[in-house]
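Per TrEMBL, these features apply:
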type	residues	note
DOMAIN	26-70	domain 'Ribosomal RNA small subunit methyltransferase E PUA-like'
DOMAIN	80-238	domain 'Ribosomal RNA small subunit methyltransferase E methyltransferase'
Amino acid sequence: MRANYRLQRLFVSGDLAAGVAVEADPRQSHYLAHVLRLGEGAELLVFNGRDGEWSATVSEIRKKAVRLRVDSLQRPQPAPPDLVYCFAPLKRERLDYLVQKAVEMGAGVLQPVVTQHTQVPKPGAERLQANVIEAAEQCGILAVPEVRETVRLERLLSGWESGRRLIFCDEDAATDNPVAALNAIRERRLALLVGPEGGFSEDERRMLRALDFVTAIPLGPRILRADTAAVAALAVIQATIGDW
C-alpha cells in the first residue's frame, strides 16, 4: 500500500493500536498547534517504526501539549531495508543532508565511521536520530533506520558481518564502470562505505582492497563532494542491484 502524502505524518515513540491515546512531545505539539494550526478533530498519520502506520485524530489541544487518538491501521509494518550505510561524518549541515538522503534512498542502518581524514570524529547521536526521523516523516518510510555508535574503520572491518558485501567508493577502482562491478556481486546483503572530504588514506585503500568481502566502485570522472558521492553511490546501487 502506498503512502498517503496528503496528511501530516508524525513519528511517535509509544506503541500504537486502535483507541490508544498518544501525546505529542513539546516540539511536535508546537508544530501541530502553532505552525500547522491543526484543530481538534484534525486527521493525521502516526508511526513508530514497529507497528505500521495508523490514522489518528487530534483529540485535545492544551497550552503546551497535543493529544491524539489512534484510529485504524493504514499500512502494515514492512521489513527494514537490508542496506548498511557506513559514512565518515561531515560538518553539521552537510552531515544533516547526507543522513536525510541516505534515509530517503533506502538505507536500513546508518553506521558513522572514523577514518584518518575524518573531520568530525564524534557526531551528535541526537542530531543524527532527529535527521533520520525527519526524513522518515517526510518521505513515507515506516521502517526507521537504526543509527549505530561511531566506530573506527579498523574496528568496523575487523568485526565485519559474514555474508555481507561491502561496496566502497574509490576513484582508483580497477574498473571505470560501477554498474559492471555491481552486477558481479552475488551477495544480496549489502553495505556501502563512503569516505570523508579528502577521501581515504593510501593505507586505508590498501587495507580495503586486500579484503575479499570488499568491492571498489568508481563514481565517474569528476571529483564529488562527500555528501554528493553518498547520494550518487546509493542511487547506482539501488538502480543496479537494489530495490528500485
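Sequential numbering from 1, following the chain as shown.
For all residues, glycine too, the Cβ spot is worked out from N, Cα and C.
Keep in mind that this is a model prediction, so the values were computed, not measured.
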The domain 'Ribosomal RNA small subunit methyltransferase E PUA-like' (26-70): DSSP-derived helix, strand, coil residue counts: 10 helix, 19 strand, 16 coil
For the domain 'Ribosomal RNA small subunit methyltransferase E methyltransferase' (80-238), the mean pLDDT of the predicted model: 91
